[in-house]
Amino acid sequence: MKAVCLLSGGMDSSTLAYVAKDMGYHIHALHLNYGQRTEKKELQSATAIARSLSAEEFIPLDLGYFKAFGKSSLTDPAIDVDVFDENRPELPNTYVPFRNANLLSIATSFAESRDADAIFIGVQALDYSGYPDCRPAFIQAFQQVMDLGTADGTHIDLLTPFIGLTKTDILRKGLDLGVPYEHTWSCYQNEEKACGVCGSCHFRQKAFAELGLSDPIPYEE
């Protein structure tokens, strides 16, 4: 069996690639640079994870148009990344408009070209509270798009094993599978030392703390 894994180099996508391999899939890893401010570190992390998995392929692609669009603190350096605030009612400014539809479209093209059986994307329970393109309904709808838009006789499963899990659940699973978390990167803001205050850092640190563990990546003091 073959699977395309969207691999950002973060905690969720890296763990998910290990899960896919554990399920018996041969991994074809796809890393997409959409202009995010930590891309250099993310690419380094994704490359290390793909190597540790002995992936069949690791393909990095550039999607520069997201940077041209702006509207997100991840792609526009003029917008400060939001500090995590669990009481913030509005969409966080780290939302990249309709990003996952773009990523999944490219992953579908790649999967169909490789006769792959599945695509894995690491959306999880905390994501779809803040990001509309991580909602279960969106994933279900995109599965229909894939079924309708690929060649007759083609079926590629869009798999989201983490959609009902918390970051702590994911970390626990990854530790069981031996994911090298020291090679992953989650921070939205920094590439040398994680900021510790963005939403991604917050949930990562919380997961390690809930399991009584120290996060192996460096953080600002």
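Every residue gets a Cβ built from N, Cα and C, even glycine.
As the structure is a computational prediction, the values presented were derived from the model and not from experiment.
What Swiss-Prot lists as ATP binding site is Leu7, Ser8, Gly9, Gly10, Met11, Asp12, Ser13, Ser14, Thr15, Leu16, Ala17. Look at Ser13 (ATP binding site): DSSP puts it in a helix. Note on Ser13 (ATP binding site): other Cβ atoms within 10 Å of its Cβ, all shown chains, come to 24.
Under the heading Zn(2+) binding site, Swiss-Prot lists Cys187, Cys195, Cys198, Cys201, citing sequence analysis as support. Of all the Cβ atoms in the protein chains shown, 23 others lie within 10 Å of the Cβ of Cys198 (Zn(2+) binding site).
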Worksheet item: Compared by Cα position, which of the binding-site residues Gly9, Met11, Ser13, Thr15 is the closest one to Cys201 (Zn(2+) binding site)?
Response: Met11
Worksheet item: For Zn(2+), what surrounds Cys187, Cys195, Cys198, Cys201 with a Cβ no more than 8 Å from their Cβ centroid?
Response: Val81, Ser186, Tyr188, Gln189, Asn190, Ala194, Gly196, Val197, Gly199, Ser200, His202
Response to the item:
Cβ proximity for Thr15 (ATP binding site), under 8 A, sequence spacing 6+, ordered by residue number, returns Gly122, Phe162, Ile170, Leu171, Lys173, Gly174, Leu177, Val179
